[in-house]
Amino acid sequence: MGVEQEKRQVRNSREEVDYVQVIESRSFKKLMRDRKKFIVPLTIFFLVFYFSLPILTSYTTFLNTPAIGDISWVWLFALAQFVMTWVLCTVYVKKAATFDKQAEQIIDEMEQGRKSR
Amino acid sequence: MSATVIILFLAIVLLTLVITFFAARKTQTAGDFYTAGGGLTGMQNGLAIAGDYLSAASFLGIAGAIALFGFDGFFYSIGFLIAYLVVLFLVAEPLRNLGKYTLADMINSRFDARKVRGAAALNTITISTFYMIAQLVGAGALIQLLFGIPYWMAVLIVGVMMTIYVLFGGMIATSWVQIVKAVLLMAGMVVMTFLVLLKFNFNIGQMFTDVKSVTAHGEAYLMPGLQYTDPLGTLSLMLALVLGTAGLPHILMRFFTVKDAQTARSSVVIATWVIGIFYVLTLFLGFGAAAFVGHETIIAANPGGNMAAPLLAQAIGGDWLFAFISAVAFATILAVVAGLVLSGASAFAHDLYGQIIKKGKTTEAEQVRAARYASLAVSVLSIVLALFAQYLNVAFLVSLAFCIAASANLPVILYTVYWKRFNTTGAVTAMLTGLLSALILVSISPSVFSPVEGAALFVGEPIFPLTNPALVSVPLGFLGGYIGTILSKETDMKRYAEVKVKANTGYKRSGVSH
């Protein structure tokens, strides 16, 4: 079955689920708020952390000072980028599990809402 | 070419053909063809993403760049990896929840407009074409070096192989070729790293000290600035790298091969670990090549440094390791180009033919047939283009593909999921502004115009100073989408609400959803 064809079916049945009502429901608004509170600051953080590497190496030289033997700070900062990526991945997965639970609850409410009407 | 090289080379060809044979029997529907029926596990898809992403440019190019330029070679690795945080945080899950086979499906879940689908298909085709030419030209040059056969023959071998995988085995064969390649590549990297560390007595501090003393650059080798001297140019490149991945059609397509957002998420996490470890290991390969092969020998084999890793294998592991690493490089190329054929074919067969020309009224058998014809056409076209593009700069083509992906695809993806006011006009203007600004700025950049004869396509002063225009074209893509949106009065709150609920909860109506 083609996608457009599916969409027509979705449109016909759209009346059954009032999505506008769902996005205005308390539980959905809470999910959106929680997601935003988590994703926006962390996205800003990793972008700033990432761009600070080329900005610092392009406009300053202080990362070129040695840290451990011949290994200078720039290498440690580069390594920190890898560590940050893995840490944020792990943190995201943990947090996303709670979003999954919230989403499940919202779907339950939607199903009940449809049946009760 | 030694007997070992030929045997390993044939072993890889045989293995991938066996995979294709079994995949072909399982490929019945359009869903099987484009998305392996959506049945991959997180582990499988994670490895396949790594296999799809880690191209010969990463494997051979970055190892070579580190060998020749030290720290600056490492910039690419960092950008290519952190890009996955953008994918994980902002793109992967909504994409899985809203899309079916292609990026255009995802955008069209909010706008039922043919022009939106057409623009999305145009972007996919443009990005995949540049990326494909880069991969095939690189592949041709590498196989020529590794196996000593002419360029045209090398391109034909890779071209025929990728055509067979996709034509007969679709996404199932492509995925498994990518998984096998990822495992082989990582195994090769670990063995090489181990041997390099053995030579340095597992003393990393010693490795830095030794490498500094053997390269021609001395102290400067361990500092940034050997390759990238223009601050804005460096920032622009880093921007294209970090945002481009989340807009690459062949990577995005991989998220439709899993059953839900949770699996999409776990596959990004697996991919991020594999890709991250891979890029850490490229450092040891680069340093190893600088220390045990030497600057002169690397340059003599290939001025771009592409032979650094195979030469290192020869130096530390002898003929057998050289043969193995060459075979891995070959598998690497095959896995990436197969993914690209599939993404190009999906834009032609599913978006342009199935949805725009046939308006979605096609039978399952017609869809599969269209997908196969399109795969064949895309393959043949790519091979022909690659035969004529032998002397184009590969690194430039790859960074251009990332720049177009970041400028033309990422703004529309983010707006579709996260911006309430966004509308049909905005979607079209976002995609076209991003695409055109990237293409136009590149065509007047130092990559195309250089005052030095032979350094670029044309002789002349570049009008635009940045080699990679992402710093300007990405904001233009976002701006184009914004202006297009506010100039049109159209809004559809109901549709936005539906998209928002589905993107965030994975909710699908039983019976009507896919």
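Glycine is treated like the rest: Cβ placed from N, Cα and C.
All TrEMBL annotations are machine predictions without curation.
Residues or ranges marked as transmembrane segment by TrEMBL: B:6-24 (among others).
Beyond its flanks by at least six residues, the transmembrane segment (B:45-68) meets 74, 76-77, 80, 134-135, 138-139, 142, 175-183, 185, 227, 245, 250-251, 254-255, 257-258, 263-264, 266-271, 273-275, 278-279, 282-283, 285-287, 289-290, 293, 295, 298-299, 302, 304-310, 312, 328-329, 332-333, 335-336, 339, 394-395, 398 of its own chain at Cβ-Cβ distances under 8 Å. According to TrEMBL, the feature transmembrane segment maps to B:45-68 (among others).
Only residues 6 or more beyond the boundaries of the transmembrane segment (B:74-92), in the same chain, are considered here, and those with a CB under 8 A from a CB of the stretch are 53, 58, 61-62, 65-66, 224, 228, 234, 237-238, 240-246, 251-252, 255, 261, 264-265, 268-269, 271-272, 275-276, 279, 282-283, 286, 410, 413-414, 417. Among the features that TrEMBL reports, transmembrane segment is placed at B:74-92 (among others).
The feature transmembrane segment is assigned by TrEMBL to B:120-143 (among others).
Annotated transmembrane segment per TrEMBL: B:149-168 (among others), in sequence order.
The transmembrane segment annotation in TrEMBL covers B:180-198 (among others).
Per TrEMBL, transmembrane segment is recorded for B:232-256 (among others). Beyond the transmembrane segment (B:232-256), the same-chain residues lying 6 or more positions past its ends with a Cβ under 8 Å from any Cβ of the stretch are 34-35, 38, 45, 48-49, 52-53, 75-76, 79-80, 82-84, 86-87, 90-92, 95-96, 99-103, 123-124, 127-128, 131, 264, 267, 339-340, 342-343, 346-347, 399, 401-406, 408-410, 413, 465-472, 474.
What TrEMBL lists as transmembrane segment is B:268-293 (among others). Counting only same-chain residues 6+ beyond the ends of the transmembrane segment (B:268-293), those with a CB under 8 A from a CB of the stretch are 42-43, 45-47, 49-50, 53-54, 58-59, 62-68, 70, 73-74, 77-78, 80-81, 84-85, 87-88, 92, 182, 185-186, 189-190, 192-193, 195-197, 199, 207-208, 210-211, 214-215, 221, 308-309, 311-312, 315-316.
Within the chain carrying the transmembrane segment (B:370-389), a Cβ under 8 angstroms from the stretch's Cβ atoms is held by residues 30, 33-34, 128-129, 132-133, 136-137, 140, 152, 155-156, 159, 162-163, 166-167, 170, 337, 340-342, 344-346, 348-350, 353-354, 362, all 6 or more beyond its ends. Summarising the annotation, TrEMBL assigns transmembrane segment to B:370-389 (among others).
Long-range contacts of the transmembrane segment (B:395-418) within the same chain: residues 55, 57, 61, 90-91, 94-95, 98, 103, 106-107, 109-110, 120, 123, 126-127, 130-131, 133-134, 137, 237, 239-241, 243-249, 252, 304, 426-427, 430-432, 434-435, 437-439, 442, 447, 467-470, 473-474, 476-478, 480-481, 485, 499-500, 503, each at least 6 residues beyond the stretch ends and with a Cβ under 8 Å from a Cβ of the stretch. Summarising the annotation, TrEMBL assigns transmembrane segment to B:395-418 (among others).
Only residues 6 or more beyond the boundaries of the transmembrane segment (B:430-449), in the same chain, are considered here, and those with a CB under 8 A from a CB of the stretch are 116, 119-120, 122-123, 126, 393, 396, 400, 403-404, 407-409, 411-412, 415, 456-470, 472-474, 476-481, 484. What TrEMBL lists as transmembrane segment is B:430-449 (among others).
Per TrEMBL, the feature transmembrane segment maps to B:469-487 (among others).
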